[in-house]
Amino acid sequence: MATGRTHRPATRSRGIPEATVARLPLYLRALTALSERSVPTVSSEELATAAGVNSAKLRKDFSYLGSYGTRGVGYDVEYLVYQISRELGLTQDWPVAIVGIGNLGAALANYGGFASRGFRVAALIDADPAMAGTPVAGIAVQHTDDLDRIISDNGVSIGVITTPPGAAQQVCDRLVAAGVTSILNFAPTVLSVPEGVDVRKVDLSIELQILAFHEQRKAGEDSAAEDEGAPPMRATPASRKGPDGDMPAVMPA
């Protein structure tokens, strides 16, 4: 039975920083890969490298979980997978509703990685009447007119918005009114929500802009390196000043 509406992970009450919470999925992904290879233990250095963080930060993060590892042995992989999964609330079923079944919404509905991480796509919702009843990833799309009932019937507390930006706030308001308390927003707009509702924004264009910044910086470094390796330019004779100042008396043809 879905319990997503009532359960809350203990991260806030235990005072785990948000930055640490944001890194826990990175550790879990690396640990899951180790578990699938039947690796029993892992050192903080090895796990930090796999997760893309430094080992001191990893050890500090794990101290919030009460996990310090064993000197000379490292961390028990299976126990850490369980511990982090429990902390993130992934040891239970989280029914999710996706609103906006265009290309992105349909792609998310077809993504097979949700179920293995504790998330079940319970409902697909769209404003287009022509979409109603259309199966996507084996789930029939339902109309937004029935949103309140859909959320209630499926015990949904997590909503995913993949609508055009102009419709996102209205959809957000309706989800919140129906009882949704966590929203993943893919629409390129900022949502306003009441206290107690968590929103995570995914903006692919921003991520691309950040990559463009790094590409530009790397290109600048390469250009500077080429300039440093180039032979010095020979000095050219000073131009003869004309009667009107710095311009030569006779301009080149």
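Just so you know, the numbers here start at 1 and follow the chain as drawn.
Each Cβ is built from the backbone N, Cα and C atoms, and glycine gets one as well.
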What range among 26-65, 106-145 does Swiss-Prot describe as DNA-binding region? 26-65
Counting Cβ atoms within 10 Å of each candidate's own Cβ, which of the binding-site residues Ile101, Leu104 comes out highest? Ile101
Which same-chain residues, if any, lie at least 6 apart from Gly100 (NAD(+) binding site) yet have Cβ under 8 Å of it: Ile125, Asp126, Ala127, Ile161, Thr162, Thr163, Pro164, Ala167, Val171, Ala187
Checking the binding-site residues Gly102, Gly105 for other Cβ atoms within 10 Å of each Cβ, the smallest tally belongs to Gly102
